[in-house]
Amino acid sequence: MFVNEVNDVKIYNLSAGKSVPDWLTDRRKKSKLMKKVDSRRQIELIQDFDMPGVCTSIRMSPDQQYILATGTYKPRVKCFEVSNLSIKFERCFDSEVTTFEVISDDYCKMVFLQCDRYVEIHAAHGRHYRLRIPRFGRDMKYHKPSCDMYIVGVGKDIYRLNLERGQFLQPFETDASCLNACDVNLEHHLLVAGSKEGTVEAWDPRTKQRCSTLDVAMKLPGVKEFPSVTALKYRSGLHMAVGTASGHVLIYDIRAKQPLLVKNHLNRLPIKRLAFNPAQNAVYSLDEATLKLWDEQTGKQIAYVESTSSFNDFCTIPDTGMFFLAQEDVKMLTYYVPAMGPAPRWCSFLDNLTEEIESEVLENVYDDYQFVTAKELAELGMEHLVGTNLLKGYMHGYFMDARLYNKAKTVVEPFAFDRFRKDKIRQEIESERKSRLQIDSKLPKVNKELALKIMDEQANPSNNAKQRNVPNLLEDSRFKAMFENSDFAVNKEAEEYRLLAPVLNRLDKSKAKELKQRVEVARVAELHADEAQQRDDSDNDEDLFGFEKSDREKEEESGDEASSDDDDRREYVKEMKQAYKQVKRLREDEAEEEEEIGEAEDNKQLQKEATNDQARPLKNGNYHNPSTNAIPKRFTMTPLDQHQGNSLMQQRIKQASLQDRVRVMSQLEGQVTNVGRSLGNRQMTFEVNKQKKSQYHAKKREAELKKHRDERRSIVRPIKSLRLKKVNFK
């Protein structure tokens, strides 16, 4: 059970718990869950309360004894009996269900609107009848006094299907181009339909005429998305809630055209469904991201439920604090909010249970499996397991058994646990040890320079109000580890830092220059004040030459400032060039080291091959002479007509594996490196600047083209060899 507290309101997620991977069989899932201590204490309110793939809609029967839900795949409906807390039956369809209505007190009579324009009527035994509507439907509601089923969808007509006669009646023609939602009031039976144009039309089933039209879009000025109506719900005979595609919910009194309250979801997502809780004066509004509970009078938020996957539908149990959520996932969620009402009768034990449960957080993770990326898999040396049952591909990596991961980790890093243990002991000792010198403003042990900069900025805030209101990072608990954990220390030897160092130095110089200018301005102001005081004390006339001199001094100072800016810019460009040169030099050194290591490995391998080939006869009948075969430091693969006598080298190249050939070719044409991908994990770089290599490549290309042409001549048959036979058609 997961307990979340929002605005002092506790929300209990009765479906939360540790999950197991989907690819396991049902038997293995149950065995794994039974082995866990936490899963034994997990509350499973309704057994098998899930769908194979996705749950699209969910309803509660009017007698509150059955929960009905539709989903995929295969399209189906499940009925759960709350008295037994288990599934009662399950039926499948030919197509997905858009929405459905329960028209009896229990599950005996149901009507399903499907995505392929079919309407299925089900009885207790199964499907009773199936018919088709002219256009695609989006919503439907049942009018009990007349036994009419109102269906709205793509088009301006409201279709009327009379279930007593079993025939279609004349539809209601609206002024809208498309209808998204509809609802019927249970007290005065007024039908309302929401359109794509942002209007709500009210129809009287008795007179078969339109009563009024309400323009919702005009009440939402400044909205970028067009506020088409997507959800409708009556609270009582006089109050109604309207949900729009822009994420707004409007509360109306049907006697007035002005809304009583406008609530913004702030997600810019269409409202999918609305519900009321009259006992607590609360409104439930659902979009894809959140389900919000807010006060009907003030619009103040009471609580909310965020989605891990997109929400599709929800239903509440009247006069209780429990509701169910259908989402784009296997699980159907069950939530209980004690502030919204008591628990239902069939699970009254929840009231006593929630009082004893303390708030705790359970993460929805695969505890027995470890996720590793392709790079981590290569570091562990387990790339050969790709494609086996030990690795399960998922997103950009793989799932592997946690026990296998721990064993591989201990083999690769045998002293990792000892280092971790020593670090933890050192941290505990340092935390308990008191400092001998008590200093008011202590510097952290990690990232001292960064801490000094932050302290300086806090001590001397700029004139910008936003920068003055920025919280102190040293006091923020979110960045606490950055100044305590050595793993977050700034590495000044890294390539990224070397490239950014000139920029940081320039910023520091600009700050120092700004501080110097402030001091200079203050000093000049003091001098001017002293001169003004002296002029007031003396009876002499004003010295005009002095003022001209001061103006000239100002011009000289401005020129000095401009020249200093140019000097700073030149220094900055110079530092950036030096930084790039240094990084390039380091890269070249690393490449040379890797090349030397590769050459040493090639020489060792060639020495082994030379010792093995000493007693091997050649094609011409002679035997190999080791004294004449000096192993060169570097191979050069040249056309065969240039070196006919070097048959041993040709034989070795033919007998070598593809990996050895690629290694030899890398010394000639460039450098071949591994890239962290399963397919195409070879990357070759070439050097074309040197004239010798360009000449060599040109000669090699000519030889390859000549060889290719010879092969084509030997394979392709000439046209003259083809003879046409005459065929007489009679």
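Note that Cβ sites are derived from N, Cα and C of the backbone, with glycine treated the same way.
TrEMBL annotations: computationally assigned, not manually curated.
Here is what TrEMBL records for this protein:
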{"type": "COMPBIAS", "residues": "546-555", "note": "compositional bias 'Basic and acidic residues'"}
{"type": "COMPBIAS", "residues": "556-566", "note": "compositional bias 'Acidic residues'"}
{"type": "COMPBIAS", "residues": "589-600", "note": "compositional bias 'Acidic residues'"}
{"type": "COMPBIAS", "residues": "601-611", "note": "compositional bias 'Basic and acidic residues'"}
{"type": "COMPBIAS", "residues": "691-700", "note": "compositional bias 'Basic residues'"}
{"type": "COMPBIAS", "residues": "701-711", "note": "compositional bias 'Basic and acidic residues'"}
{"type": "DOMAIN", "residues": "2-359", "note": "domain 'Nucleolar protein 10-like N-terminal'"}
{"type": "DOMAIN", "residues": "365-412", "note": "domain 'Nucleolar protein 10-like second'"}
{"type": "DOMAIN", "residues": "476-503", "note": "domain 'NUC153'"}
{"type": "REGION", "residues": "530-571", "note": "region 'Disordered'"}
{"type": "REGION", "residues": "585-631", "note": "region 'Disordered'"}
{"type": "REGION", "residues": "690-711", "note": "region 'Disordered'"}
Three-state composition of the compositional bias 'Basic and acidic residues' (701-711), taking helix and strand from DSSP: 11 helix, 0 strand, 0 coil
Local confidence of the prediction over the domain 'NUC153' (476-503), expressed as mean pLDDT: 73
Secondary structure tally of the compositional bias 'Acidic residues' (589-600) (DSSP, helix then strand then coil): 12 helix, 0 strand, 0 coil
The domain 'Nucleolar protein 10-like second' (365-412): DSSP-derived helix, strand, coil residue counts: 21 helix, 14 strand, 13 coil
